[in-house]
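For reference, Swiss-Prot has these:
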COMPBIAS  90-110  compositional bias 'Acidic residues'
COMPBIAS  113-123  compositional bias 'Polar residues'
COMPBIAS  131-157  compositional bias 'Polar residues'
MOD_RES   Lys70  N6-acetyllysine
MOD_RES   Ser133  phosphoserine
MOD_RES   Thr137  phosphothreonine
MOD_RES   Lys155  N6-acetyllysine
MOD_RES   Ser190  phosphoserine
MOD_RES   Ser210  phosphoserine
MOD_RES   Ser214  phosphoserine
REGION    1-219  region 'Interaction with RPL5'
REGION    83-234  region 'Disordered'
REGION    266-473  region 'Interaction with WDR74'
REGION    496-523  region 'Disordered'
MOTIF     49-52  motif 'Nucleolar localization signal'
MOTIF     85-88  motif 'Nuclear localization signal'
MOTIF     217-231  motif 'Nuclear localization signal'
Amino acid sequence: MKPRPGVFVDRKLKQRVIQYLSSNRCGKYVDTGILASDLQRLYSVDYGRRKRNAFRIQVEKVFSIISSEKELKNLKELEDGHLAKRARQDEEDEYTESYSDDDSNMEDYPDPQSANPMNSSLLSLYRRGNSESVSTTPKWGQREATTSTPLLTSKTGSVPLKTPARESEGGWFIDKTPGGKKESLPLDLSDDQSNSKKQDSEIQILKDSSLLESDKKRKGRAKGKGNKRKTENLQEVDGEIEALLQKKAKARSTELQISNVKFEDVGGNDATLKEVCKMLIHMRHPEVYQHLGVVPPRGVLLHGPPGCGKTLLAHAIAGELDLPILKVAAPEIVSGVSGESEQKLRELFDQAVSNAPCIVFIDEIDAITPKREVASKDMERRIVAQLLTCMDDLNNVAATARVLVIGATNRPDSLDPALRRAGRFDREVCLGIPDEAARERILQTLCRKLRLPETFNFCHLAHLTPGFVGADLMALCREAAMCAVNRVLMKQQAQQKKKPEIEGLPSEGDQEERLGAEPTSETQDELQRLLGLLRDQDPLSEEQMQGLCIELNDFIVALAEVQPSAKREGFVTVPNVTWADIGALEDIRDELIMAILAPVRNPDQFRTLGLGTPAGILLAGPPGCGKTLLAKAVANESGLNFISVKGPELLNMYVGESERAVRQVFQRAKNSAPCVIFFDEVDALCPRRSDRETGASVRVVNQLLTEMDGLETRQQVFILAATNRPDIIDPAILRPGRLDKTLFVGLPPPADRVAILKTITKNGTKPPLDEDVNLETIANDLRCNCYTGADLTALVREASLCALRQEITAQKNGVGAGELKVSHKHFEDAFKKVKPSISIKDQVMYEALQRSLSQ
């Protein structure tokens, strides 16, 4: 039976159904529902998303087609076997049949090619019984013919007439002798005749059985070979299916890992390790909690910026407790098939309970636990609900099932609030940006296996790396090692150039010819040198390797190549700005030291006096007077982390995003305390509020006020702000407890201008000044009365450009080049081009503003 022309048959599905049936998974009877569900499970990529009923109907159609084809194939084999048997019987027939018998046989057996297979099969079975009676009639007919021959002769007496024609129907013989006298022939059925008849039939049956047995043996041998090949093919198919299922099961299950990391490998987090040790007591002594009847904590949430050591701490916990760890990345749990993500979570927690005591570590857990009220898909909500259920089920398990769940994320605020309640991730450990002391301990931990000089200064290197986390310091060590190798190879190459040419080795000229043309620039020279190092396969000798070590200069060179990840998060590294780079402003410097540096350097005295919350400082004054430079110098001198926030960059067009940005800034500072937050152009963030205004700026001001002095205390978080217009800032932000101290950074007086000029020119050495230049005279010039520090910097730069322009013109005219210096004439030319950035009108306004702030 073939499918109708209008019925579509999926050939791939048909082949897979045949493969499934041949694997003997279904037994003797086939249930199409089970067959369809198994196919959807095995081939989830192709059929996983199809509806069950529709797919089951399609499988039923394919199964009916396969069944009909199998029946037709079996019927064809039966017919071919019967025809082959009849052909062999005709060849081995030892009896001669009469003309009538031949005619009857020709009539009885139709052409198998033209007959219907079913009809021909039935007719062959029907003729089988008839052929036995026909084959036994010749003796009886011969005997009858011999007795009747004299009676049926012609009157002429020589030629005999034809024997009477007989027809057989169903074993009965009918005499159809034409015309004349009919003789009634006696039907003699005596014992002799019956015995002879039985003997003839038995002989014929034995012949047929012997032929059938030989035919069966031949077919059995051929069929045995075919069955053997078929069995081998089925075994191969079963092996492939089993391997595929095992591979899928292995990919779905999470392997247990044994961690070799200890707490001693985690440097610079002593306070964090102390807190973690208190939380892990129940993993060592569960009998205490069981005796007290208290459910031990099950979840720990590690959060902090990227690279701060969350994954390392999780492995250190597993290694310190000597427990296996089930590590899984959160995106691996998410699946495209509905319900499979939840199943993976259930299997993960079931595996953890069966392997208890153990630790489950879910990295980047925020990928599967967003806030359900803002989740865009139902699948995300179901995953969160499933994780909550699994966490609650751990509390219902007996206390002997010691399972600790650790989650790590960079964005704890994006997690669903239900996940952070008691009984789930009730313990949160914050890993912030390490301070200078923590960086020193991290460097000592990372450099334990490195070859360093004995007098290596870790403190100085830690001072040069503000904003670096553990991953950045590891990258710094790797880059410093590369710099050390490069330095040694360069030294070796320089020594080889000085040595005479060794016999058998190519000279430097040959190497340059092999490398290409001679370098025409410094970049090409460096490239050729590096190519020479790559192609040089001579290993370093033990003498050269003996003195090889990573020096402090290698780390300093590597600092230019490594960009800390915290810098992308808003942290600014300012290692080069010190008090020496700021001329004058002595009184403001003392105020900043007392407000920011004193609480860090003298915490005990501040606690004794009851000085808790650090005061915020507002730097006000005209632009270009050094407000930002002061903030950088404070952060550098104190060794604190530094977050620079530009006012306009926090504003966002979407409702709630600006407030969230302000909240994230303070949260980052708390995680990295002690830390300095510097708000540049704070007037853009905190404009004066009015009764009619209810826009985004009002919400930002309210959020900023709450973060500065709200219910949550900000310990070791110092606030610096700078503005050119303190008069337009909201008055609420200037009250005590927030930005309660305002320092006015005004235009420098003549004495301060002298100090600023000396700082800019490095006491007349850079740029080199001529003997006729007097910095005090320039600073006391009336044209400098409205100059700010930025204007004085522009004046020195313009004077240097005038000197360079004069030197270039002299070289064009062929005049001998002399020593390049900046003279008084160049400063006079610069005065003509550089104008003060603060006009007299603005100066009057700032003086009035200064008087109002001092009252």
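Every residue, even glycine, has its Cβ placed from backbone N, Cα and C.
Outside the motif 'Nucleolar localization signal' (49-52) by six or more residues, the chain places 36-37, 40, 337 with a CB less than 8 A from a CB of the stretch. Lys70 (N6-acetyllysine) has a Cβ environment of 12 other Cβ atoms inside 10 Å. Residue counts for the motif 'Nuclear localization signal' (85-88) by DSSP state, with H, G and I taken as helix and E and B as strand, are 4 helix, 0 strand, 0 coil. Residue counts of the motif 'Nucleolar localization signal' (49-52) by helix, strand and coil are 1 helix, 0 strand, 3 coil (DSSP-based). Per-residue pLDDT, averaged over the motif 'Nucleolar localization signal' (49-52), rounds to 81.
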